[in-house]
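Shown next, in structure tokens, is the structure this report addresses.
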Amino acid sequence: MLFEDPSPLLTGLNPEQAAAVTLPPEHALILAGAGSGKTRVLTTRIAWLLQSGQVSPGGVMAVTFTNKAAKEMMTRLSAMLPVNVRGMWIGTFHGLCNRFLRAHYQVAGLPQTFQILDTQDQLSAIKRLCKQHNVDDERFPPKQLQWFISGCKEDGHRPRDVVVRDDETRRKVEIYQLYEEQCQREGVVDFGELMLRSYEVLRDNDPIRVHYQRRFRHILIDEFQDTNRLQYAWIKMFSSPPIEGLPPSGNAVFAVGDDDQSIYAFRGARVGNMADFVREFQVRHQIKLEQNYRSCSNILNSANELISHNSRRLGKNLRTDAGEGELVRVYEAASDFAEAQWMVDEMKQLERDGLPRSEIAVLYRSNAQSRVIETALFNAGMPYRVYGGLRFFERAEIKHALAYLRLLENPHDDTSFLRVVNFPPRGIGARSIEQLQDVARVSGCSLHDAVSGVTGRAGVAIGNFVALLDVMRERTEAMTLREIIELVLDKSGLIEHFRAEREGEDRVENLEELVNAAESFVMQEGFGRDAVALPVDEQGAPLTQSPVSQGLDPDAPVLNESLAPDAETGETLSPLVAFLTHAALESGDNQAQAGQDAVQLMTVHAAKGLEFDAVFITGLEEGLFPHENSMSDRDGMEEERRLMYVAITRARKRLYITHAQTRMLHGQTRYNLRSRFFDELPEACLKWLTPKAGAPMTSSWSGQRAGSHGGGAQPAWSPGWLSGAQAPAPAPEPDRGTDIRSGMKVFHTKFGEGKVLAVEGAGADARAQVNFPRHGVKWLALSVAKLTPVTD
DNA sequence: CGTACCGCTTTTTTT
DNA sequence: AAGCGGTACG
């Protein structure tokens, strides 16, 4: 029996990992620290369950947050076992919800071909709604409404569930209600709706719920600390927590998470789900993975020390066998410009020492910081890749093309209709569209159906547009996906339009790339191959007697692939619908300058789950990191600290933490204090490449010439295996009309000599923070206080 | 109807 | 600085 020989899978696992992998089929919580082999444990657990015959592929559900993580899991799993990963439900929350809703579209009250709104689509749908209902967008900004609606859904609230205490909320709920009606009318579903709708189907349909509860014996969840209320409730539907007096549902939830890496509270994630899970599911197995396989101890101890400043932790301390390694390097630059320059020089050295560029990462708190760094890298001719920003399917030209495609499938999709009715421009202006919307509102139909009611020139112009769509629909009926897209790009005039545009070159290329994307999608999803997937029971055997197919909902079999033919009718979801779904759920890669060995630039958020030999964490300044918008409350501050914890733990061998005295932000020069996080790192693990200046508690200022004289400070030491340290390029120091700068030694008639810690504001408002040895730290208005620079 | 210009805002992000 | 939305003008 396979059960007796599971060892090959377990070799190389440490005792905790092995224990986690081989837990009995009961609920479990794995606290997996950064770099502790979390993904390995997760995939090995699945492989072990399958190999030991405890479950068949059809009985496994594994949920992740990103498509990348889901793919990674499938890849590693198929490397471990010869198993058909497609038989399993492995995917993102939203991907699985989509799969579920396509199968149960009737019960869910949706058209089978429902389209998915991404964040942009959702916002424009809300704007349109507000205009139509004369909502004051001063009092109710669409962005805020979007946030409100998404928030409600994340908490599992329909409009009627929202507790209304004031008029403002009452109005918001009304708009929420109207928005729902609009989406329903148009046959579209936003991301929150995917989750909420499938949750409700499970909650309100006993046979369906029981079916899935019986089917999925093992439910595994990655990044559990990032789940929101609704996702947790959704999981509960698949596996009811034990109820007094009732037999347990008999399946096991295996949750893996790290409370210290919870960095998405700002979008509704609830770390508290971990504690709730333990309590509500009466979890008896909790395993901590504290052995770190990634970083040297100086890096790891820094992370440990930093995160220990947070309260409300579940408690965990990572350890490593990797040895001390190098000290964490701290660098203070005169400006953001100098910071970038210095990093580039340092990178060149790393490169000379044989480190591949792809093993170097630059992390920052916010995207706006990438610009200076990009410029410096570009000027130095150093290849780099920026993560974040617009992804392929989010580009305007691609969204236009997709809108045409969506209209072929569903003419009543008003969001798509409005996006392209006058794009490329065809003489249909705001006035005409208003007329059309009026007709549609009066007769309660879609814009498409309202055309006949519009008279005059506008009626003709819009009529032509609708006719164009109808012709396209007709002509593409029997076409392959590739042909459909090519025809749409041509007949819509999109390609022609961008060709004529001066800077439209890239856009044309992107549109052509869309054809390739479709082509490779078709290949991957295996059209033409026999992708028949029959509903299966928990043993993986064909499911013919399940309550679901037993008459309750004969048209809603369990699809195993989005493109699989319907088991009952043989009907397939068209390749076009499948592709559109794919486009909405997987927004595609960012600017893939792939292939080239390049330095990696990204926000700290985007770096979660990744690791690099050398990491630069930049802009460690009060107001930036921690971000000013997070500094008001303790929860925000603790999330910033976790963010820094995530950043630190990305590094394997070498870690740099940098900050700048001045920085351009929103077109203004800002003078930031060094981040408080520096004071929360263990001094013994740090190496200050520039003098540690301005610490309020130290008196080490005297006699040191720190900071910006002549731009950029000299490293105070010779770096270890980096032979010659690069002298930083001089920072440009625009004349600000005052000579007082951070790092300077100044003289005050009353307080004597002191050291300038920071300068803020400009002109008459300029003030400086100065540390006087006898009188402590003071803020002084430069227009009032007489400060004279002291040159030693 | 379409274009040009002015003024306002600005975290983090996946689906 | 830069992108987006609103307004004014051709």
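Just so you know, the numbers here start at 1 and follow the chain as drawn.
Heads up, the Cβ atoms here are built off N, Cα and C, so glycines get one too.
Values in this document were obtained by computation on a predicted structure and should not be read as measured data.
What TrEMBL records for A:11-296 is domain 'UvrD-like helicase ATP-binding'. Annotation comment: TrEMBL describes A:Ala32, A:Gly33, A:Ala34, A:Gly35, A:Ser36, A:Gly37, A:Lys38, A:Thr39 as ATP binding site. Annotated domain 'UvrD-like helicase C-terminal' per TrEMBL: A:297-609, in sequence order. The feature region 'Disordered' is assigned by TrEMBL to A:694-740.
Overlay of TrEMBL feature records on the structure.
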residue: A:Ala32; record: ATP binding site; Cβ within 10 Å: 29
residue: A:Gly33; record: ATP binding site; Cβ within 10 Å: 25
residue: A:Ala34; record: ATP binding site; Cβ within 10 Å: 25
residue: A:Gly35; record: ATP binding site; Cβ within 10 Å: 23
residue: A:Ser36; record: ATP binding site; Cβ within 10 Å: 25
residue: A:Gly37; record: ATP binding site; Cβ within 10 Å: 21
residue: A:Lys38; record: ATP binding site; Cβ within 10 Å: 23
residue: A:Thr39; record: ATP binding site; Cβ within 10 Å: 17
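Under the three-state DSSP scheme, A:Gly35 (ATP binding site) falls in the coil class. For the domain 'UvrD-like helicase ATP-binding' (A:11-296), the model gives a mean pLDDT of 92. Apart from A:Ala32, A:Gly33, A:Ala34, A:Gly35, A:Ser36, A:Gly37, A:Lys38, A:Thr39, the residues listed for ATP, the same chain places the Cβ atoms of A:Val41, A:Asp258, A:Leu289, A:Asn292, A:Tyr293 within 8 Å of the centroid of those Cβ atoms.
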